[in-house]
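The next block holds one structure in the form of structure tokens; read it before the comments.
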Amino acid sequence: MTTIVSVRRHGKVVMAGDGQVSLGNTVMKGNAKKVRRLYHGEVIAGFAGATADAFTLFERFEAQLEKHQGHLVRAAVELAKDWRTDRSLSRLEAMLAVANKDASLIITGNGDVVEPEDGLIAMGSGGAFAQAAARALLLKTDLSAREIAETSLHIAGDICVFTNHNITIEEQDLVG
């Protein structure tokens, strides 16, 4: 699997993901890019789960973003509706984290859309480790969103065998 972390702090939203692709208990690739920009660079998206399924979801989500002129929440809700009603989509084994200047959302494998109240997203095999680390750093330090995302992913990578230290980071200003 993988680990994705997104943090909102000090006027920035940051999303970071590790690069490990595993097949069972075997590492197949260590430098996959699981965090990318969508919709003219205005949206950051990351995935955890089956890679081919995630690419299908990226395509569907980007189509919804285009259809709804980049409105993140509306596009996520419409994707979730499709996910629940389309039999081929309902079999996909992936989760998306999406963020822009207005919101950070998790789109789950059963078609739920969740906006965390604290602006922190951590998902995937190392998600619980990354979330605990990020939450502690948010509460007890003044580190930037980027530093928190990167540090929490490194901690998850030290603990979770399905998460490595080859990190991709995307950052966006919350204003403008």
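Positions of Cβ are set from backbone N, Cα and C atoms, glycine also.
If you look up Swiss-Prot, you'll see T2 marked as active site, on the strength of sequence analysis. The Na(+) binding site annotation in Swiss-Prot covers G157, C160, T163, and the record cites sequence analysis as its basis.
Structural mapping of features recorded in Swiss-Prot.
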| residue | record | Cβ neighbours (10 Å) |
| --- | --- | --- |
| T2 | active site | 29 |
| G157 | Na(+) binding site | 22 |
| C160 | Na(+) binding site | 22 |
| T163 | Na(+) binding site | 30 |
Worksheet item: Taking the mean position of the Cβ atoms of G157, C160, T163 as the Na(+) site, which residues outside that list, in the same chain, have a Cβ no more than 8 Å away, listed in sequence order?
Response: T3, D18, Q20, S125, G126, F129, A130, L153, A156, D158, I159, V161, F162, N164, H165
Discussion item. Rank aside, I only need the closest one: which of the binding-site residues G157, C160, T163 has its C-alpha nearest to that of T2 (active site)?
Written reply: T163
Fill in: In three-state DSSP terms, the structure that C160 (Na(+) binding site) belongs to
coil
